[in-house]
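Participant: Supplied in structure tokens, the structure appears directly below.
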Amino acid sequence: VSWRDNLILATDSYKFSHWKQYPPGTEYVYSYFESRGCDRGWDEVVFFGLQYFLKRYLLGPVITREKIDEAATLCSEHFTGEGLFYKEGFEYILEKHGGKLPISIKALPEGMVMPTRTALFTMVNTDPKCFWLTNYLETLLVQVWYPMTVCTNSRYQKKSIHEELAATGNEAWQIPGGSAFKLHDFGFRGVSSVESAAIGGAAHLVNFLGTDTVAALLCTKRYYHSKAAAGFSIPASEHSTITSWGVEGEVDAMKNMLVQYPQGLVACVSDSFDVFKACRDYWGSSLKDLIKGRISGDSWGRLVVRPDSGDPSDTCVQIVSILCEQFKEDVVVTKTGHELLPAYLRVIQGDGVDYESIPKILGALKDAGFAADNMVFGSGGALLQRLNRDTFKCAFKCSEITVNGVAREVFKDPITDKGKASKKGRLTVQRAADTAGAEEDKYKPRQDENGAPGGQGFLHYTANGEYVTVASGRGDLAKDLLVEVFRDGALLKDWTLDEIRQRADIPNGPFSQAG
């Protein structure tokens, strides 16, 4: 049974009643989306994912007679009483605008890394009779929090991996070296839906090249102009394909992996019974020559040993130590004095991997004298699912309304939570170096219940001082980093994954390398 999109119904129930609640004479409602901070202590966010929602849900004539009738029927069943569903409003969009949404959206370029507490996109209606539409669309567009948060989560792990690679003597930074393949997406089965897998997996591919989430490959092709698959994978075993050989047949199962896939990379789960025995007696003894033979003449290959249980730090240190001992004749010592397994052998840790455990694992390896390049990581639920809208405290707030031709600032500033104070008026996002302002123009929140609601000043500087959200319509549009990406049903900017990867890359990262 296929799911048929109806944009009118892609909203919260209470939104149906809001068209009656604005002041009489309302013509325009202007709102913005931002991260108000991070519960993990991260101070910047990668803006990514809006283009997917625009292309998937908002382009072209998305309001039809059939969809209006479907929404009217459902609302009559859902609500008590009549008059909540604004049927006339949607009929006006159908008749006046051909079913296309009369709104304008400005946003930061996707892939841009921006400090928190900065406007990321703004939205306003372009037809005064559709003032109610701006915040009606909040429910759907705030879901940008998900790919944005996954992308940032992935990037912070990229930074920690990159730092440990550098600290333990890595010298190869171009793809396929460096961090490019160091964090593999195992998350398809651990997310809430196929759509989550697609957009969350695509967000991870902004930072890395390894994935097992096939839906992400389709997403980047259809919505971000990937000409070919944006991520890569290799033959790999699971416990069923190894344990089906029985306890005594485990070594034969492992040999079968090497024989069936004699070239290129192959990964094999090795903890079905005794991971340390497997590394010492199987990989490091009886199957050693087959592994070493994967690099010979014009042939290149690599075995990736996968533990999948135990304390991640302790287990990885023990396994790398065993393998370095068993293959010591080919072990390399990096320029920092850390031991590195031969090119035909690596280890992938795919259990218990997240932004906190990766630096712990790599730190333990470094302390034990082993290079970070010995390791690859796989992450599933922690990469794509163990986060929510409050991870980056994402919010969509009205900051200006126009009533009978007169614009007025709108804001909230609850005395019970200073962190929820919102910005006022029309907004621009500018580089601080390009923005003039006196000391009294800098935003200062109210200090207590006796202070002026909304605080004082209109220059909202980022914590690092590099950017400023200029509020109250006082910004310079010529310097605005927000770009109009959508107007009246049409996409005005169409970013490619290649562009986004370069914007989001870290210094000396894989996508900023020359050649």
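The backbone N, Cα and C atoms fix where each Cβ goes, glycine too.
In case it's useful when we look at the structure, here is the feature table from TrEMBL:
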BINDING   ARG189, HIS239, ARG306  diphosphate binding site
BINDING   ASP212, ARG306, PRO307, ASP308, GLY350, ASP351, GLY381, ARG389  beta-nicotinamide D-ribonucleotide binding site
COMPBIAS  439-449  compositional bias 'Basic and acidic residues'
DOMAIN    6-105  domain 'Nicotinamide phosphoribosyltransferase N-terminal'
DOMAIN    181-428  domain 'Nicotinate/nicotinamide phosphoribosyltransferase'
REGION    422-456  region 'Disordered'
Participant: If you count Cβ atoms within 10 Å of each one, which of the binding-site residues HIS239, ARG389 comes out on top?
Facilitator: ARG389
Participant: When you measure from the Cβ of ASP308 (beta-nicotinamide D-ribonucleotide binding site), how many other Cβ atoms are you left with inside 10 Å?
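Facilitator: There are 18 of them.
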Participant: Excluding near sequence neighbours, so keeping only residues 6 or more apart in the same chain, what lies with its CB under 8 A of PRO307 (beta-nicotinamide D-ribonucleotide binding site)?
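Facilitator: The list for PRO307 (beta-nicotinamide D-ribonucleotide binding site) reads SER270, ASP271, VAL275, THR315, CYS316, ILE319, VAL347, GLN349, ASP351, given in order along the sequence.
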Participant: Of ARG189, ARG306, the binding-site residues given in the record, which has the fewest other CB atoms within 10 A of its CB?
Facilitator: ARG189
Participant: How many helix, strand and coil residues does the compositional bias 'Basic and acidic residues' (439-449) contain under DSSP?
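Facilitator: Each residue of the compositional bias 'Basic and acidic residues' (439-449) counted once, the result is 3 helix, 2 strand, 6 coil.
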Participant: Determine, using Cα-Cα distances only, which of these binding-site residues is closest to ARG389 (beta-nicotinamide D-ribonucleotide binding site): ARG189, HIS239, ARG306.
Facilitator: ARG189
Participant: Return only the integer: C-alpha distance in Å from HIS239 (diphosphate binding site) to GLY350 (beta-nicotinamide D-ribonucleotide binding site).
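Facilitator: So the alpha carbons of HIS239 (diphosphate binding site) and GLY350 (beta-nicotinamide D-ribonucleotide binding site) sit roughly 13 Å from each other.
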Participant: Using Cβ-Cβ distances, find the residues under 8 Å from ASP212 (beta-nicotinamide D-ribonucleotide binding site) that belong to the same chain and are at least 6 apart in sequence, listing them in sequence order.
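Facilitator: Residues satisfying the criterion: HIS184, ASP185, PHE186, PHE188, SER233.
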Participant: Within the chain of GLY350 (beta-nicotinamide D-ribonucleotide binding site), which residues six or more apart in sequence place their C-beta under 8 angstroms from its C-beta?
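Facilitator: Counting only residues 6 or more apart in sequence, the Cβ neighbours of GLY350 (beta-nicotinamide D-ribonucleotide binding site) under 8 Å are HIS184, PHE186, ARG306, ASP308, PHE377, GLY378, SER379, GLY380.
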Participant: Can you grab the distance from ARG189 (diphosphate binding site) over to GLY381 (beta-nicotinamide D-ribonucleotide binding site)? Cα atoms, rounded to a whole Å.
Facilitator: 8
Participant: Count the Cβ atoms, other than its own, that fall within 10 Å of the Cβ of ASP351 (beta-nicotinamide D-ribonucleotide binding site), considering every protein chain shown.
Facilitator: 18
